[in-house]
Amino acid sequence: MEKRDYSQIPLVDKKGEKARFEIDVDGHIAFVEYMVSKQDIVYLTHTEVPSELGGQGVGSALVGKVLDFLKKEKKQIAPLCPFVAAYLKRHPEVGEGILAPGYNIK
């Protein structure tokens, strides 16, 4: 399946009981859930991509957008979600300066 360019799809930050970052792709919502600690560390806890979008690069595009946004906001992250951790392992340059103390990706 051919991968599309998702760069123009806006990232939405939904704050509330279940805080998450979302992108809407063809009416399907892909998201990364998060929590923010008292120390202002953003814990990325879960990534979900609808099965209709599987294998199209949506998850990677979403995580890339989330990490870019958090880096611009000068936030530190704790990548608890295995998908986010795997993304950072594949793209270690993205994690530079954004990982919270005690977290590393090897």
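Glycine residues also receive a Cβ, built from the backbone N, Cα and C atoms like all the rest.
Note that TrEMBL annotation is computational and uncurated.
Per TrEMBL, the features are as follows:
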{"type": "DOMAIN", "residues": "13-99", "note": "domain 'N-acetyltransferase'"}
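Helix first, then strand, then coil: DSSP counts for the domain 'N-acetyltransferase' (13-99) stand at 31 helix, 30 strand, 26 coil. Averaged over the domain 'N-acetyltransferase' (13-99), the predicted model reaches a pLDDT of 94.
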